[in-house]
Amino acid sequence: MKIFKFGGASVKDAESIKNVASIIKSEGASDTLVVVSAMGKMTNAFEEVVDAYYNKEENLPDKLNFIEEYHNNIMEALFAKDDEIYKDVAILFGELGWFLARNTSQRFNYVYDQIICFGELLSTKIISAYLTKIGLENIWFDVRNYIKTDSNYRDAKVDWSLTEEIITNKVDATKINITQGFIAANDTENTTTLGREGSDYTAGIFAYCLNAESVTIWKDVPGVLNADPRVFENTTLLNQISYEEAIEMAFYGASVIHPKTLQPLERKEVPLLVRSFVNPKEPGTKISKGSNLEPLIPCFIVKKDQILVSISALDFSFMVENNISYIFQKLHDYQLKVNLIQNSAISFSVCIDNKFKKFDSFYNDLKNEFKLEVQKGIDLFTVRHFDDEAVESIEEKGTSLLTQVNKETIQIVLQAN
Ligand code: ADP
Ligand code: ASP
Ligand code: MG
């Protein structure tokens, strides 16, 4: 069985959905499980709904209308007026309305997951109906009955043994299957999510459990390039890379692949193909097992909008195990993701992502015990397989605040010019 994954950009409007259908028809007309994300930027739109609902803002109905209209426009371009799909979509909006009216929980992350999941439920319903309409028989299923997680809402951990048991028993590997990326459920049937951009990971989970022959993630780029083309000019396609290389790139922030996707695939040696939905005839990048699959050119990765914090003790003591472990516990408590650490005798510097917007609480918690120097809005550049020219090309972008080098990788924290 093959696994395909289509992200938001590939299903952002009616034309894109037709394109996805033609790719499925020519490349995955049977024995294929298709994982789909929410359409376009709908997850961001649902995040606005979550905020408006949680903060009891008056513009909640406008936010909901925007989402309804977005999907309606797409449906009107794909289906006749009396198609069954309108009823299915109305049922989903009814379920969402029911949750919004009945919910009494104040737990933000729980509320977030119960609302955000509708992006994927809507997109898969519409795409499945469209495939049926053009004669591609398919099975739509609710992934929440297949992928089981703990209750760590917004960043849930997969229960692998239970998930594997359900998936191997329930998936009909001979058909076209359509399901949602990113979302899952815990043992009380509440919706959980695997973290933003987690649909690639969903594809990896299915591939692992089904011993798939391959996973193809269809993207708006020709494959894995040696840098993000939105940030760097003159990028080069990497035709073949090893799992290890791809894991390193994704870990350091190459957002073309969700970092959690690769390890399950590596474990079962399922190749990952990154291909273009714009030019589906092109082979793209193949990620597989092999020692001679290193890129021979420098690869650039950037994480923007980071915070660099330098922490030292108020009483002039050294930064050693006890206070570092204390700080790490706090970083964990405030869900701050650490992207780089550097330690000296008297200070400890971390470059962090403020994804969950809890940095200020962290700062206030620590400011009476430590001296904290903070620089916000900085960029973290990573260059794999670096050479002098590559390092210079980064350093000329701004003021370098901190550098860390190991054998294959250099990381530079930079305040942009
Ligand atoms: P999806 O539609 O599946 O969510 P994403 O937008 O998350 O797709 O990922 C594709 C994007 O990843 C590209 O548009 C590109 O800007 C970005 N990207 C970052 N690093 C790389 C890289 N090394 N190679 C290719 N694309 C990259
Ligand atoms: N729709 C989700 C997001 O935008 C998951 C994904 O697209 O991978 O984060
Ligand atoms: Mg994405």
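Just so you know, glycine gets a Cβ as well, placed from its N, Cα and C.
These features come from TrEMBL:
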BINDING   Lys5, Phe6, Gly7, Gly8, Arg230  ATP binding site
BINDING   Thr43, Glu120  substrate binding site
DOMAIN    3-275  domain 'Aspartate/glutamate/uridylate kinase'
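Of all the binding-site residues listed here (Phe6, Gly7, Gly8, Glu120, Arg230), the one with the fewest other CB atoms within 10 A of its own CB is Arg230. Checked against ligand 1, the binding-site residues Lys5, Thr43, Glu120, Arg230 give Arg230 as the ones with a Cβ under 6 Å from it, listed in sequence order. Note: Thr43 (substrate binding site) has non-local neighbours Gly8, Ser37, Ile116, Gly119, Phe182, Arg196, i.e. same-chain residues 6+ apart with C-beta under 8 A of its own C-beta. In this structure the C-alpha atoms belonging to Gly7 (ATP binding site) and Glu120 (substrate binding site) are separated by 10 Å. Among Lys5, Phe6, Gly7, Gly8, Arg230, the residues given in the record as binding ATP, the maximal Cα to Cα distance rounds to 21 Å.
Distance between Cα atoms for Glu120 (substrate binding site) and Arg230 (ATP binding site): 26 Å, as a whole number.
Among the binding-site residues Lys5, Phe6, Gly7, Thr43, Glu120, Arg230, the ones whose Cβ sits under 6 Å from an atom of ligand 3 are, in sequence order, Gly7.
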